[in-house]
Amino acid sequence: MTPGEVRRLYFIIRTFLSYGLDELIPKMRITLPLRLWRYSLFWMPNRHKDKPLGERLRLALQELGPVWIKFGQMLSTRRDLFPPHIADQLALLQDKVAPFDGKLAKQQIEAAMGGLPVEAWFDDFEIKPLASASIAQVHTARLKSNGKEVVIKVIRPDILPVIKADLKLIYRLARWVPRLLPDGRRLRPTEVVREYEKTLIDELNLLRESANAIQLRRNFEDSPMLYIPEVYPDYCSEGMMVMERIYGIPVSDVATLEKNGTNMKLLAERGVQVFFTQVFRDSFFHADMHPGNIFVSYEHPENPKYIGIDCGIVGSLNKEDKRYLAENFIAFFNRDYRKVAELHVDSGWVPPDTNVEEFEFAIRTVCEPIFEKPLAEISFGHVLLNLFNTARRFNMEVQPQLVLLQKTLLYVEGVGRQLYPQLDLWKTAKPFLESWIKDQVGIPALVRAFKEKAPFWVEKMPELPELVYDSLRQGKYLQHSVDKIARELQSNHVRQGQSRYFLGIGATLVLSGTFLLVSRPEWGLMPVWLMAGGLIAWFVGWRKTR
């Protein structure tokens with residue numbers, strides 16, 4: 001470790017101890033050397049004894065800075081790792097930091113645009129940022145080419161070395177977790193950090209976010225439910241993104257939405273429909289749909305439309321994952337726990353040798369109490385959480401795409417019930433899921449698959465004769481090879497039989513000669529000739545094996 005890393009690690013540990021976070025480690029795991037090390041190098045009393053543990057963890061992460069704040073936000077979605085009182089506190093972490101100098105942002109924009117001054121591309125550039133976060137900040141301007149209002153998102157200068165340094169230390173701490181916590185190995189801390197690293201590094205590349213936004217906008221073009229602002233790719237680079245400026249009501253501002261006459265029931269239901277459309281129709285979903293990234297258009301409040309921003313984190317599911325997920329939901333709400341267990345095994349989410357009966361019993365034990373509530377109050381996100389937590393006891397591997405899905409679903413549910421507390425998520429989602437599953441099977445699905453593949457087969461038609469000829473030639477060559485191998489095996493079998501025959505005769509002659517040499521010395525050279533014949537037979541048998 002470099003001196004800088006040692007200093008930073010020392011500061012991190014002192015911060016954790018000042019908030020009494022050593023309480024997370026069972027006393028039996030704190031050995032005498034560790035205790036001496038703690039009191040000699042890190043004498044730091046808990047200065048926040050009056051606060052609950054979850055709040056202390058949140059405050060410590062806030063003190064450690066942006067990288068740790070975002071790490072805490074990610075951990076808040078992994079409710080399989082923490083009890084609710086800690087996960088709820090981590091969810092309160094706010095990614096708000098002081099803005100960096102607008103002049104620096106202006107310099108970065110000019111560097112990204114080939115060294116030309118900002119005024120060559122933009123009018124009314126606002127040096128004061130509109131918003132600021134740990135990774136980037138946003139400035140407003142107008143495009144010189146068409147006068148449209150835009151926002152310019154710029155990555156913080158020199159943020160990458162800071163992120164890499166702190167990630168290296170987070171990895172070090174993650175490797176200590178299995179040694180300090182009894183359940184540490186099951187939590188797979190290194191995998192959790194690796195997942196966070198990928199998400200964070202992806203957020204540093206604004207070209208990726210631009211592509212995500214363009215894709216989502218295309219998927220919901222002319223949709224009455226969701227609007228994604230236009231991105232101007234000619235102005236985008238890894239460190240800068242330019243997109244249409246939008247005006248909307250923050251989805252968390254319920255009072256303003258009601259004052260504007262918004263149809264709250266329809267708005268809440270559309271949030272659910274948008275989510276399931278992204279997941280099951282498009283296989284591409286916005287995975288950071290917390291209230292800060294969602295607005296509602298001022299226009300047509302009786303027919304409300306969402307506006308989504310900040311598309312840095314997206315998720316996708318393959319066709320099999322979508323089918324298993326939809327069938328899991330329907331089987332769960334039908335209380336068919338056997339089907340749920342079988343789907344987990346069939347999907348490969350749990351090992352194929354899993355005992356289905358035991359797994360079914362475990363799912364029933366955990367999930368049956370959920371139905372004590374009315375269906376309208378059951379949370380899809382918590383259903384998934386309960387299923388995944390149970391499956392992890394049966395060695396379910398961490399599925400990053402499903403973790404993202406569960407996190408997003410919790411956001412969608414939270415927003416929906418904040419807007420309209422009577423929202424019946426199951427009633428809204430069930431027709432969509434049943435319709436989607438119906439579309440995946442039967443004759444319509446077969447016809448659709450044929451239509452999708454038809455251009456491919458039309459393109460390959462001229463190549464078919466050659467492909468058939470090649471297949472026949474390869475088949476003939478394969479048959480010739482198989483016949484050759486069969487003949488060699490038969491020949492080896494015959495040689496081995498002959499070898500065993502000669503070795504048996506040789507052994508008999510040698511033993512007979514030895515016996516006669518000892519018991520019948522009057523027979524003269526006869527025993528010697530028998531032994532010599534036996535050795536010759538042995539030699540012939542040995543040669544047959546080669």
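For all residues, glycine too, the Cβ spot is worked out from N, Cα and C.
As annotated by Swiss-Prot, domain 'Protein kinase' applies to 124-502.
Sequence-distant neighbours of A136 (ATP binding site) (same chain, six or more apart, CB under 8 Å from its CB) are K153, V154, I155, R156, L206, listed in sequence order. Look at A136 (ATP binding site): DSSP puts it in a strand. Under the heading ATP binding site, Swiss-Prot lists L130, A131, S132, A133, S134, I135, A136, Q137, V138, K153, citing sequence analysis as support.
As annotated by Swiss-Prot, active site, proton acceptor applies to D288. Counting every protein chain shown, 22 other Cβ atoms lie within 10 Å of the Cβ of D288 (active site, proton acceptor).
The transmembrane segment annotation in Swiss-Prot covers 501-521 (among others) and rests on sequence analysis.
Annotation comment: Swiss-Prot describes 522-542 (among others) as transmembrane segment, evidence class sequence analysis.
The Cβ of L130 (ATP binding site) has V138, H139, T140, V151 as same-chain neighbours under 8 Å, each 6 or more residues away in sequence. In sequence order, P99, P129, V154, R156 are the residues of the same chain, not among L130, A131, S132, A133, S134, I135, A136, Q137, V138, K153, whose CB sits within 8 A of the CB centroid for the ATP site. Reduced to three states, the DSSP call for L130 (ATP binding site) is coil. For the recorded site, D288 (active site, proton acceptor), the DSSP three-state label reads coil. Looking only at the binding-site residues S132, S134, the densest Cβ neighbourhood within 10 Å occurs at S134.
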